[in-house]
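Undergrad: Here you go, one structure.
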Amino acid sequence: MNSAAAGATPNTRTSRFGGWFRRARSGIDSLPVHLPVRLGGAGIAQTKATPMRVLGFDQALVWVTVALLTWGLVMVYSASIALPDNPRFARAGYGASFFLTRHAASVAFAFIAALLAFQIPMKTWERAAPWLFVVSLLLLVAVLIPHIGISVNGARRWLPMGFMRFQPSELAKVAMVLYAASYMVRKMEIKERFFRAVLPMGIAVVVVGMLVMAEPDMGAFMVIAVIAMGILFLGGVNARMFFVIAALVVVAFGTIVASSPWRRERIFAYLDPWSEEHALGKGYQLSHSLIAIGRGEIFGVGLGGSVEKLHWLPEAHTDFLLAVIGEEFGLVGVLLIIGLFLWLTRRVMHIGRQAIALDRVFSGLVAQGVGVWLGFQTFINMGVNLGALPTKGLTLPLMSFGGSAILMNMIALAIVLRIDYENRVLMRGGRV
């Protein structure tokens, strides 16, 4: 054995290794990565970024997700505890804990599905993206077929799956994230050409939109359209072209609203929910949501103390869960929920930027697409509950009652965690 090596102490070896590691890291960090997509600045081409520090498992993202799921579970029980007294549910034999049990089972099933989704490499997701998109289209067609799709309150949105009702439009959100990201990767060289790159994606969105609007579910279509547009923009589509498309989409949605009498009525009710004409009609949910939030004041009336959930506020355990949170936890609780979702969205977007910095464009766009989805849907749901936006049937991600939504939210976040995991493997010098 070499005498110098034999005489080296453990501290000496550690310091040598530490010095070597620091030099290697500084060499890696000094290498710019040229990115073909937007990272938040004005430029697109030749954007430079470096991977962030190497850490272990992203525990913060997991714990924030767990916190939202747990709080949602508690609030679904609180908001639904009086529903079995409703004759509609009483005839079906629903007990006081029916919705809690169903929601807990949905969360457990979603957790198992998320664990399985996490095991799938991003290369596999990229290859499967077009096929998953086709499957989502077929399910959207199937739900419209009589005696196959389940109709509730005039909307045909669910497929019977035995232990749960599955909503294909939720799968379409995940499918659109993956498909749009893989599409942009394939079209990266011609992304500036409208007819070869942008138009085919627009046609795909229109096809999905026609199927979703036939249910009808305008809220889901809005989310899917924003996901596609967000990924196109983040993928580096010409800004001028993007804003022209955005303007056309806004005009299209405006035309849909203007041509539908009951949608126009919703807009009028949103503008004046307290009027005698709307207070007991289209403005009923909004007015009682505002009453609930107003009753909560700063610190709320306490967990379980909500009055509006006692058959006054419709859909208190789904679309208007935030109103019950505002009543029971007050402004403090609402601000905490907003803060958690802001952090979650920012972290997911950051993981996407980190993947792009490692030249993993598909993974980066998928993560950012999930961030756009969760951030936009949360914004719409909160805006509706607070009276800032017209009433729209969108749930609060990770919290509201709804098995399909919870399942797809968890799978989407599992994919993001997979992206983060692969980022860390690459930064350690491994392969994925």
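Backbone N, Cα and C atoms are what each Cβ position is placed from, and that goes for glycine too.
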Undergrad: Would you mind telling me which of 161-180, 361-380 Swiss-Prot tags as transmembrane segment?
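TA: It is 361-380 that Swiss-Prot describes as transmembrane segment.
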Undergrad: When only pairs 6 or more apart in sequence are counted, do the transmembrane segment (98-118) and the transmembrane segment (396-416) reach 3 or more Cβ pairs under 8 Å?
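TA: Yes, the stretches contact each other.
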Undergrad: Do at least three C-beta pairs under 8 angstroms join the transmembrane segment (61-81) to the transmembrane segment (218-238), pairs 6 or more apart in sequence?
TA: no
Undergrad: With the transmembrane segment (218-238) as the reference, which stretch in 324-344, 361-380, 396-416 has the largest tally of C-beta pairs below 8 Å?
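TA: When the Cβ pairs under 8 Å are tallied, 361-380 comes out ahead.
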Undergrad: Looking only at the recorded stretches 242-262, 324-344, 361-380, 396-416, which one has the largest tally of CB-CB distances under 8 Å to the transmembrane segment (194-214)?
TA: 242-262
